């Protein structure tokens, strides 16, 4: 077909060398479904590696600051000087690492978290704009290699016997900047290849990369602690660099970049998209004419603001667990016993295992109901009692702790996964864009960037109030979950109204999205 061959020289993208090699070996073009499989696998591995590098800090915290439970958590924002102990010629687990093993060690670790997440959130807004204007394959590769480099540099502090707080601070900030390239890029690429009909389920399964990455990062970091905490950063850093090279070699950004013809693939998911411009991303004829959507324009898309604000509070809860759960476990007596840093790190992975199931359930339910907002809000409301029971009864026994942690992870990560994937992709292909596909990365960055601000604030507040009471921390998390659900009230009402009208008229086999419902 002429429409598939003509746009190639005009496209902003070029066919990846790995795809060319596979086609050379096979002797023919890869099918549309094969490209889809490659996209899902490669982007899954890519973002799992992002989270694996992000998780290491929480595992190493109690090793860098082993006396934190005795000195308390006293935050002093951005002090001008830090006590630095003389360099140690040897190190063993339990010694801690200057400057984090002093009286203000936990405060310094908390400031590293805030610096990382603050730069990450800010960088997300710029990454979205860049992602809609650059070759996403190259953009993602640069981000992954940069992330691996600066994650490894944090571990180099161990091998180089570095005890300067400012070294670790700068490394974490630059790592946060490179990390911000990941999410807008992978969601935009997946959104380019999959339509809305089963987007919730597909992305719910695909979004398991977040939890798989957290689990992998936890297990690797925990396993390497006995060899020296530096390895807990260097090895994940090298892993993401390797996967970044795989992205460069094989990731097809969109169907046009590889000349894929969806019309000849009868079984591929977005077969129902011939209805107007609600799925413009697979229409090769519009690509040449498209112009990236502006930041303010993207904010005005119906549904972007409420979902972005909801994610602010949802990620506040999720990232508090991401950064503080292993630390909380080591400082909480379970059945009268305190667990080691390694055991606590391994145990904390069950929160992410629950998150995998939660993301899949949220995506599948939202597809079946045709109601993203109702699903997300319901999960957030269910997270409130889950948080309460985990705090109140998690100490009774290890078995009870595991069960309650799993349930909490399911309800906390379910809406987080749904909003950052299917909802973002839905809004990035909204009909108000009139067929313009160059908005996915920007919309995704706005929603996840706003959520990342909450992700930075949650761990910071936890550092302040946990010195008084961990119960106060969980009260804050329950309040955040409640607010997250309430922020979707307008969308929930619109979806319920649309469902009632649809039931009355008995018209239309496809349910409307929450954004379409808002336009009624």
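Glycine too: its Cβ is placed from the backbone N, Cα and C atoms.
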Problem set entry | From 87-106, 107-126, 267-286, the residue range that TrEMBL assigns the feature transmembrane segment | 107-126
Seminar exercise, completed: TrEMBL feature transmembrane segment, matched against 30-50, 51-71, maps to 30-50
For this session: May I ask whether the transmembrane segment (471-493) has at least three C-beta pairs under 8 Å with the transmembrane segment (369-390), counting pairs 6 or more apart in sequence?
Result: yes
Problem set entry | Candidates 30-50, 165-194, 206-227, 233-253, 402-427; stretch with most C-beta pairs under 8 Å toward the transmembrane segment (304-324) | 402-427
For this session: Give residue numbers and ranges for long-range contacts of the transmembrane segment (471-493): same chain, 6 or more residues beyond its ends, CB-CB under 8 A.
Result: 303, 306-307, 309-314, 316-317, 320, 324, 372-374, 376-378, 380-381, 383-384, 387-388, 390-391, 412, 415, 454, 458, 461-462, 465, 514, 517-518
Problem set entry | Predicted model, mean pLDDT over the domain 'Major facilitator superfamily (MFS) profile' (41-497) | 79
Exercise. Counting Cβ pairs under 8 Å that sit 6 or more residues apart, are there three or more between the transmembrane segment (165-194) and the transmembrane segment (30-50)?
Worked result: yes
Seminar exercise, completed: Taking the transmembrane segment (30-50) as reference, the highest number of CB pairs under 8 angstroms among 138-159, 206-227, 233-253, 344-362, 402-427 goes to 233-253
